[in-house]
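Asks: Copied straight from TrEMBL:
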REPEAT    96-130  repeat 'PPR'
REPEAT    131-165  repeat 'PPR'
REPEAT    166-200  repeat 'PPR'
REPEAT    201-235  repeat 'PPR'
REPEAT    236-270  repeat 'PPR'
REPEAT    271-305  repeat 'PPR'
REPEAT    306-340  repeat 'PPR'
REPEAT    341-375  repeat 'PPR'
REPEAT    410-444  repeat 'PPR'
REPEAT    445-479  repeat 'PPR'
REPEAT    480-514  repeat 'PPR'
Amino acid sequence: MSTLVNSVPNLANPSPEGRGKGCGFSFNVPNFHSLSLNKGFPRVLASNQITISPKDSVTSIPNWRSGKNDSRIRENRLNDAFYHMEYMVGKGYKPDVVQATQMLYDLCKSNKMKKSIRVMEMMVGSGIIPDAASYTFLVNHLCKRGNVGHAMQLVEKMEDYGYPTSNVTYNSLVRGLCMQGNLNQCLQFVERLMQKGLEPNAFTYSSLLEAAYKERGAHEAIKLLDEIIAKGGKPNLVSYNVVLTGLCKEGRIEEAICLFRDLPSKGFTPNTVSYNILLRNLCYDARWEDANKLLAEMNGEDCSPSMVTYNILINSLAIHGKTQQALEVLEEMLRGPFKPSAASFNPIIARLCKEGKLDLIVKCLDQMIYRCCNPSEGTYNAIALLCEEGKVQETFSIIHNLGSKQNFSMHDFYKNVISSLCRKGNTYSAFQLLYEMTKYGFTPDSYTYSSLIRGLCMEGMLDEAMEILSIMEETDCKPSLDNYNALLLGFCKSQKTDFSLEVFETMIEKGYMPSETTYSIIVEGLAHEDETVLAAEVLKELQMRNVLSQNTVGRLVMQYDLEELPM
């Protein structure tokens, strides 16, 4: 750990170019493992409202959305616009409501959550009442990122300002709590809402029912549904579809069918989603006769086969070796109103590869390209199944021909294929194809090696991932910082942060200067191993040394509920 912190420069006024780059300067630091931090949620909004000048003038914000379509330039302009707005509001001016609202949306989309909350604070403090859509959007975005505690604090503060909170906003909080897997906390929260006079609706119930079957099983979801109805709640068809899903996931298909058939007596007509839930399980259990009967019922205006229905049939038929029937379903789909995607072709390609039917594979891929359907990661991984059948050269030939029909260079195509295979756990096939690719002049670059490192780490082959760096050095291909970052990330995701720190020390010894990404990986690794106190203290030290941007510090604090740091 001392190497981690001792690699950080002590810069009083770092230049923009130098920010995020470490140097080899040493300084004394405390033993982080012995430190403890005060617990408690960080306060998200300032408690004091901003005083507006008597003239109550409205200030315009520089346009951050115009100019070149470059993400980095747009991000810089957005940051500049935010700081300009903060400065002008501090001087007593009121922000333009349209621009401020748009800034809130854009900051959320860029995952700059602390700045988004600050914009909301400035709007409310200036006497502007945010529209319900932007307020709910911010709360929902926080919950989706797992920052439910911060979202609840925001809602609490907005209520202190007298801003009314709707069921839509509260449902975002319920959904966020349910995603965290604590049903008791969710139910208690809903009880508190009801005491405030707010009535749960069908969306609330669906979130609770999904949390119930995921945490405690379908029987608990059914019990909860009965309790909701007994208390006068009115669940909708979505709620029943959630219970159907829970029953099917547990293999209780007969009970699911009984509930499905009983829906009309409860006042609901099954929709396409209801049918698809049952079809998926019937087909995967090879209950073709029951599946056909169910399909025959899907002939109403509100309940006709969807793209999902066709993909369920294609996938299940292919899995069970009924390739010809799967092709027939695909042909029927292509004659209809649906535009096919790679997801429709991939199961058939995968089955044909397992069967070693090279001619049919090529024919299916040609049909895919003819239909303007771009290959996906799933396509490359399906083709790679040929490697398992010992047909490595044939696999490479098909990949090569597919690449020649794409609109980018073969070098870029090859490295994308390798990366796709590694992301899906097909690292061994990636190595086999890489060997063939090098025969045709492909030279792996830093990106390709990083993909291989990540793939090996994901499959638990950490020693082999370490060897990649040695192989690179032996072949006069000097490892890059990105390669070391990939290795650090792999160790941290495997919850081997202690080993990642050893890699970090080796990296420093070899003269590599850590980047902002390097330090972020270490902090996130500590947080993932529930070392949040240590993660917060390391983050605080890194912030003090000016090697992490304010955006990164804010993201880490928000994402892992670390101890609040001065921003």
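Any Cβ shown, glycine's included, is placed from N, Cα and C.
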Asks: I need to check the long-range neighbours of the repeat 'PPR' (236-270): which residues 6 or more away from its ends have a CB within less than 8 Å of a CB in the stretch?
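Replies: Tertiary neighbours of the repeat 'PPR' (236-270) are 202-203, 205-206, 209-210, 212-214, 217-218, 221-222, 225, 277-278, 280-282, 285, 302-303.
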Asks: For the repeat 'PPR' (306-340), could you work out the same-chain residues 6 or more beyond its ends whose Cβ comes under 8 Å from its Cβ atoms?
Replies: 272, 275-276, 279-280, 283-284, 286, 291, 295, 298, 347-348, 350-352, 355, 360, 364, 368, 371, 373
Asks: With Cβ-Cβ distances below 8 Å as the criterion, list the same-chain residues six or more beyond the ends of the repeat 'PPR' (410-444) that contact it, or say none.
Replies: 377-378, 380-381, 384, 387-388, 392-393, 395-396, 399-400, 403-404, 451-452, 454-456, 458-459, 461, 477
